[in-house]
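Quick look at what Swiss-Prot annotates:
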{"type": "ACT_SITE", "residues": "C104", "note": "active site, nucleophile"}
{"type": "ACT_SITE", "residues": "C200", "note": "active site, cysteine persulfide intermediate"}
{"type": "BINDING", "residues": "G9, M10, S11, G12, G13, V14, D15, S16, M35, G128", "note": "ATP binding site"}
{"type": "DISULFID", "residues": "C104-C200", "note": "disulfide bond"}
{"type": "SITE", "residues": "H129", "note": "site 'Interaction with tRNA'"}
{"type": "SITE", "residues": "Q339", "note": "site 'Interaction with tRNA'"}
Amino acid sequence: MTKKKVVIGMSGGVDSSVAAYLLKEQGYDVIGVTMQIWQEDKEYEEREGGCCSLSAVDDARRVAQKLDIPFYVLNFRDSFKRNVIDYFVDEYIQGRTPNPCIACNKYLKFDELLQKAKGIGADYVATGHYAKIEERDGRFQLIRSKDDRKDQTYALYNLTQEQLEHTLMPCGEFTKDKIREIAKEIGLDVHNKKDSEEICFIPDNNHGRYICEAAPNKVRTGNFVDKYGNVLGKHKGIVYYTIGQRKGLGLALGRPVFVTDINPVTNTVVVGPEEDIFKTDLVCKDINFISIDKLEDPMEVEAKIRYSAKPAKATISPMENGRVKVSFEDKQRAITKGQSVVFYKDDLVVGGGIIESLL
């Protein structure tokens, strides 16, 4: 019997490294691939660059050698720039706060990488994500990982049935601590490599400065205003702010104020008291459902409005033109346009969409 072939995306981190090992142990024919997506400066043009750093490629290659699996570096730079970086910059300029990891998963890892994998005769693509995929009643389900603290299903809600059928996520059955333990046991140097926290193409985490450099003619100073339109001061460009932000506003009003809205048309940033950033209802677009085909009637779920949020009780209701209304039982802090909202039923991911407006 021929072994099933799987292409695993390797970032040089501990999760994808151990995922590659686990798949090999499970009897798969494993091929390691690092997606070359980014270069910080000219040296990456001349040399073999990688996912934000040369060392990531080197780490991944060393792991592949240790596991004795073939390893390739694939160039995804143009696609990454088009689908992730340009999208990220445009969204901020429109006054929204996007999640680039979700775009990267949707367009690169589980679309283009999967197509490339199929092109070389592979049955599956695999990643080091903390999530589980199971077939139940003829439908592939995305299920929260065993490690609640590390669960990454929020960033994976766009997966289609076709993609789920051809995707493996072996880390979903383990806790992060156990994954590190396995890495140490099998002698991988990356066993104590720290988790990446920031956006991979903005290592200093300064989004505003990055967008200014990427689109200097699009970022203009403007006014801070209150909800009645009274001018309270000057801001340095709407891309520097996000809903709920309090620090770094440079306003001395004698009371704490928070960013409550961003208006790209008037180039204003609205600030107000903290209670103004608590809301219960939103509308989302670009919906993808996983556990169901489509939403016919209102459904009670738990929903997350950002990666780090706790799931909160909500009702989702179908609207016109494919949108979904989400009504939370309790007010949520700083619901942010451009972020994703993801729906859960127990451990199952029902689906999700991008927050378009607040009601």
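Glycine too: its Cβ is placed from the backbone N, Cα and C atoms.
Note that the structure is a prediction, hence the values are computed from the model and not measured.
Of all the recorded positions in the record (G9, D15, M35, H129), the one with the smallest CA separation from C200 (active site, cysteine persulfide intermediate) is M35. The binding-site residues under consideration are G9, G13. Their Cβ neighbour counts within 10 Å are lowest for G13. Counting other Cβ atoms within 10 Å of each Cβ, the active-site residues C104, C200 show the lowest value at C200.
Within the set G9, M10, S11, G12, G13, V14, D15, S16, M35, G128 that the record links to ATP, no two Cα atoms are more than 16 Å apart, and one pair reaches that distance.
Geometry remark: H129 (site 'Interaction with tRNA') versus S11 (ATP binding site), CA distance 11 Å. On the backbone, the CA of the residue listed as 'active site, nucleophile' and the CA of M35 (ATP binding site) stand 11 Å apart. There are 23 other Cβ atoms within 10 Å of the Cβ belonging to S11 (ATP binding site).
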